[in-house]
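Here the structure comes first, spelled out in C-alpha cells, and everything after it is commentary.
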Amino acid sequence: MTALSQSEPSLSASSDSSTDALVQKAKRHLLQNYKQPPFVLARGQGARVWDMDGREYLDLIGGIATCALGHCHPEVVAAAKAQLDSLWHVSNVFYSQPQIDLAAQLTEWSGLSRAFFCNSGAEANEALLKLTRKVMKDRGTPERFEVISFDSSFHGRTLATVTATGQAKYQKGFEPLPAGFTHVPYGDLEAVRKAVGPATAAILVEPIQGEGGVRMAPLGFLVGLRALCDEHGLLLLVDEVQTGMGRTGKPFGFMHEGIVPDGISVAKALGNGLPIGAMLCKEELGASLTPGTHGSTFGGNPVAAAAANAVVRILRRPGFLDEVQEKGAYLLARARELQGRLPAGRIQAVRGQGLLVGVQLDHKVAPVIAQVHEEGLLVNPAGDRTMLFAPPFIVTVRELD
C-alpha cells in the first residue's frame, strides 16, 4: 500500500492552472451540457468575484438567485466552519441539531408546519409531487394524481420535474414523459378552472416565473388558485425555489397575496451556495409521509444546515427585507430609465419584484451577455430574449448604478 501510494503521480503538482489549460481540461472531462464563457472564477467577496487571471466582475446573478448574502459572507462562513470542526454528516437515520433548528426556523417563518430536507430545488419539487400522490391515496382517491402546471414554468431537471416544466425545449429527447401533468397559460385562472377534472390532484405554480423570463401573474392569481383548490379539494403547491428566501422582498413570494399554500419548495438562497433544499407543508399533509415513504441521505446535512441557519437568521433581522424591496425598486427604476433612453422597442419590457428583475430585449440576449461579461458584469439569460438580474441582497446602490 505504501509503495503504491508513493508511486502515484501528483495530479495537482503537474497540472497547468492557467485559464486556457483549465478550460481545455474542462472540455476534455466534463459533460458538455452547459455553455460557459471562457474564464474560470476563483474567488468571491460580497457582490464581486475574480477569475483566475485576477479580473474582477460585479455579480448581478448571484449563482442564479442563490448567493443572496453575497460570496463568503462572514457569518455564514463562520457557521459552516464551526460545523466542519464538529460534525459533517450522519445521514437522516439520526438527529442533528442544525437540521432541527433549521426546520423550526423555516416552519415559523413560512407559517407551514413540517419540513423535509433535500439537496436542491428539483428534489424539493419531487418531494411535493410524491407528497401529492401519497396524500390522495391516503384520502381514498388514488385516481387523483394529475398536476396542473403552467406554460413557460420551470420546476427542475429530473424526469418528473422537467415534465411539470412548461417548456418543450427542456423535455426534448427525454420522451416518453411521465403521465400526470397538464399545462395551461400562466396567469389565466379560467384556463386553470377548465383544466380541472376528476383526476386532478394539485396545482403547481411559481409566484414569478424566473426561468420563464421573469413573468409575473396578475395580482389576485394566487388568491384565485387558492379558492379553486379549496373548491375542488386540490393541493396548492408553490415553487419558491427562486422567489423564496426574501428574493421578492418578502420571506416567500406567496406572501404578497396573503394566501397559505399546502406545500412549498425552497432551495437556492437557503444555503447561500451550499447545496440544500426543503419541502415545507401543512401538518395534516406531512402525516402522509411516514417512515420509509421518502428520504435523502444528504438532505439537511449538518454543514449545509448550519450555513442555512445563519442565512435565515440574517434574513429575519428587522429591516433587512425592507432594504431588498428598496434596492429592487431602485434597480427596476434604473432599468426603466435605460429603456426610455434607448430607441423605442429596443428594451421591450422591464419586469420584476424585489431583487428579481428581467429585462426583455427585441433580440436574442446571448451576444449582449457575452459583451457585458467583457465589461466585468455577470448576468444570465431567462429565455432567449430576457436578461435576468438576481444580485446578492447585500449589493449596494452604487454597485447597481
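All positions are counted from 1 along the displayed chain.
Every residue, even glycine, has its Cβ placed from backbone N, Cα and C.
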Since Swiss-Prot lists GLY121, ALA122, ASP239, GLU240, VAL241, GLN242, THR297 for pyridoxal 5'-phosphate, which candidate among PHE94, PHE154, PHE174 does it give for that site as well?
PHE154
Please find, for GLY121, ALA122, PHE154, ASP239, GLU240, VAL241, GLN242, THR297 as listed binding pyridoxal 5'-phosphate, the greatest distance between any two Cα atoms, in Å.
25
So among ARG157, GLU240, SER296, all listed as binding-site residues, which is physically nearest to LYS268 (N6-(pyridoxal phosphate)lysine)? Use the C-alpha atoms.
GLU240
According to DSSP, which kind of secondary structure is ASP239 (pyridoxal 5'-phosphate binding site) found in, if we only use helix, strand and coil?
strand
Neighbouring C-beta atoms (10 Å sphere around the C-beta of SER296 (N(2)-acetyl-L-ornithine binding site)):
16
In the chain carrying THR297 (pyridoxal 5'-phosphate binding site), residues 6 or more apart in sequence that have Cβ under 8 angstroms from it:
SER91, ASN92
